[in-house]
Amino acid sequence: MMGGSEDPNNKGDSPFESSASQPFLSKPSYPSSASSAVEEESESNQQYLHITYNSGPRSFKDLPFLILFLLFVISTFAFGIFAVFHRNTDYPSLSSFSYDASSSSCVLNPSSTSSSLSSWLSLDSSSHLVKGLIWTLVITFVLSIPLCWALLLLLKHYTKQIVYAAIPFFIAIPIFLNVYWFVACTLRSSCSTAFPLAYRVVVMVFVFLVIGAVVWILVVNWHRVELTISIIGVASHALSRNLNLFGVLPCLIVGLLAYYVPIVVFMVFSRFNGKIAVKNLASGYACVWKEDSWVPAYFALAILTMLWSAAAMVEAQVYVISGTIANWYFSKDHETPKRSIRTSLRNAFGSSSGTICLSGLLIFVVRMVRSAVDSARQEDIPGIVNLVLRCCVNALLTAVDFLNKFTVNFAAITGEAYCSSARMTYELLRRNLLSAVFVETISSRILAGIVFVFSATYTIVACVILKAGTNLGTDSYFVAAMAWVLLIVVLGYLVHVLDNVIDTIYICYAIDRDRGEVCKQDVHEVYVHLPISRSLRQSVTPRTLEYVDMLD
């Protein structure tokens, strides 16, 4: 077990004291500061002793950020309603205005009014490509639901068989597709002319190098595959006990889209606010549209509100998943939790809504800053100052991502505020020798590989059917590719939910371990095999390692 090779009775080989009165995970006890170290660690233990799942009423946290978010939303809707009623009705007929030299203004020319709307909206609905694409996407979306259900059941009952059966296809399918496109492009004269042989060889070799990198990653991490299989099986079992999440989470996405509709309408109508003005061009005077000065500012406000809302909705989904799974985890065995999703929704959009808004704001800011840094890197601006600034910004962004890793999961379990959740999560994992960055990231890669295999197999079958049963010709490849994109998005969402379930169970296991309890024995039997964090192992005493072994 962990730390089993270290002898706590061998005091002469270690600078640390290992007395029976030393508290759990205490700092090194040097003779000059032994009492202060014990007192400080005891206060830390008392501070985090109450960490547990909070199933009762919760107080509101991070209210200033909720108020700030509501101000953004209210301002967006208020100015949007103003834009609708204040719009200039002359904007749609801008092309009908012409400059009148006698009055030095723009006047309406009725004879020039014409409607090109019918030609603009004309669509060749009888096109075979459009029909084939629509029907293929509809059928794929309908089939994606039972495919998700089947994949979840297979991962629950036959995790090991599915993983080991899918791993060879991680290599075989990319090799087949790489060779197929090379041969098909070589045999087709139009493709071979547009894409010379030298370029085709370079692309094919590059793809083979990528495949080789994937093989190397699998070989290096092969010793972790068994543990990963067990973790995926536990997460699939937990998710199968809370299948109502698949009814609630899509509804949240639909609700976000419905919330976007009026904002988009307001943005469209905001462009109608202005006037038709005369502009002196090189070719003479012309009538142009001049927007009001506040319209660009409203566009910026509406876009910021939509991006912040999207980030907050992502965090709200993580919160609902974590709260529901935690309710299942801390319930008694063979007991079905009641109203767990309803409770999680009430907490997410009630007492913890400020925490979700703050987390979404941080994610949004990090993504914006990272995009700006990437743009600056592509421009390749010289100078040591620019290089130092980019390094500092990247370090700051990495630190924020590090803090945000399990914060929302912890907040959903305990109901704590964002900053308290970030600090207490780190302390919880440190006290139990667990990594603050989940070491089993390979589980996400294996799940993504399984989704790739499923979606690629479906795409190949769909392409064969389209080639044999329709007259789409080469367009069947495009239609099959669109079906692949749709299916991989749906199945990828299942992987996203499973990743959040894995993270939530990880925090629940840490809380169990910290309190010396076992709520789910099967979870402990799997997660106990996670390796000790190397950075934390060096800062603990032999007495601590002995205590952790006793917990295991």
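Every residue gets a Cβ built from N, Cα and C, even glycine.
Lifted from TrEMBL, the feature list:
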- 1-37: region 'Disordered' (REGION)
- 26-37: compositional bias 'Low complexity' (COMPBIAS)
- 63-85: transmembrane segment (TRANSMEM)
- 133-155: transmembrane segment (TRANSMEM)
- 162-181: transmembrane segment (TRANSMEM)
- 201-222: transmembrane segment (TRANSMEM)
- 243-269: transmembrane segment (TRANSMEM)
- 298-326: transmembrane segment (TRANSMEM)
- 347-369: transmembrane segment (TRANSMEM)
- 446-466: transmembrane segment (TRANSMEM)
- 478-498: transmembrane segment (TRANSMEM)
If contact means at least 3 Cβ pairs within less than 8 Å, sequence distance 6 or more, would you call the transmembrane segment (162-181) and the transmembrane segment (63-85) in contact?
no
Cβ-based contact of the transmembrane segment (133-155) with the transmembrane segment (478-498), 3 or more pairs under 8 Å:
yes
Residue list, the transmembrane segment (63-85) vs rest of chain: Cβ under 8 Å, 6 or more residues beyond ends.
262-263, 265-267, 269-270, 272-273, 294-295, 298, 301-302, 304-305, 308-309, 312, 353-355, 357-358, 361
